[in-house]
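Structure record follows, encoded as structure tokens.
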Amino acid sequence: MFTRSATVLLEENAGKLVNWLNSFDAVLTDCDGVLWVYGDVIDGSVEVMNRFKEMGKKIFFCTNNSAKTRKELLVKAQQMGFNVTENEIISTAHSTATYLKQRDFNKNVYVIGSEGITKELDAFNIKHNTVGPDHMTGNLADYLSTRFKLENNVGAVVVGFDEHFSFPKIAKAASYLNDPDCLFIATNTDERFPMPSMVIPGTGSLVRCIETCAERQALVIGKPNVSICAHLIDDGTIKPERTLMIGDRCNTDILLGYNCGFQTLLVGTGVHTLESVRRWQTSNDDELLKLVPDVYLPKLGDLLQYM
């Protein structure tokens, strides 16, 4: 109805908005910046998502956050009041482990990331290193001669968000990846997390660093890669043209929607603003035009009055 027009839904009449609500049967939504911010629920998001389900629409929480397992995300969501099941949660940590399992991977994984990834690997009995700090003390020459050690039989490097990212981790990852048969996987490429008084580097910043050193590009599991939700399309669970993707970040959430043929809704409670979208709409760059959502709301909760 509103293809890549960034239509502000609150400026449309109620009848047209109800018709839009009836135009999709399934909803995929990002989590951070749409449903909650860290541990705080965004006003109205619980009620809207639960109402979607009451209306008979299929719902799926689709997150690039690799720090938690699906079970941990389920507990968080349910404690906040969301009516969701584990099978309705799509996470990059679980998707990464599933990808390796489907390839009959039987080597070790070098993980730069958190226990969200390693716990999902454990569920498939895939061996990996212990995550956490890996510091370099002293100078580089001393470190390389006395403490730098590579493990045997590493067949994949997986990079997710890692608050303990360090020089030794870059060196080890690039060394493993010097073997062209070693898989290079990134959970996502979200560049950063802007906050009121600072900017926090995202997984994408770490991935780019290792890509530069390794002189290789990573396979990206998460949004906007179609693979993260391809199983839902392939088995007929969702029909792309009857599916809505909700997000706060255009180069992951909205671009995933574009890549899959979904309808798209941008909310203004996270990374990208309507002002940025308006600038992209006047561009001649096809890649920027792909980031323009169909519709926009200041927050997801604004939809509740029409449901």
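Using the three backbone atoms N, Cα and C, a Cβ is placed for every residue, glycine included.
Here's what TrEMBL has on this protein:
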- Asp30: active site, nucleophile (ACT_SITE)
- Asp30, Asp32, Asp248: Mg(2+) binding site (BINDING)
- Asp32: active site, proton donor (ACT_SITE)
- Lys223: substrate binding site (BINDING)
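Same-chain neighbours of the Mg(2+) site beyond Asp30, Asp32, Asp248, judged by a C-beta within 8 angstroms of the site's C-beta center, are, in sequence order, Cys31, Gly33, Val34, Leu35, Thr63, Gly247, Arg249, Asp253, Thr269, Gly270, Val271. Taking the Cβ of Lys223 (substrate binding site) as centre and 10 Å as the limit, one finds 31 other Cβ atoms among all the protein chains shown. Long-range neighbours of Asp248 (Mg(2+) binding site) (same chain, six or more residues apart, CB within less than 8 Å of its CB): Asp30, Asp32, Gly33, Val34, Leu266, Val267, Gly268, Thr269, Gly270, Val271, His272. Every protein chain shown contributes to the tally, and the Cβ of Asp32 (Mg(2+) binding site) ends up with 19 other Cβ atoms within 10 Å. Cβ neighbours within 10 Å of Asp30 (active site, nucleophile), excluding its own Cβ and spanning all shown chains: 25.
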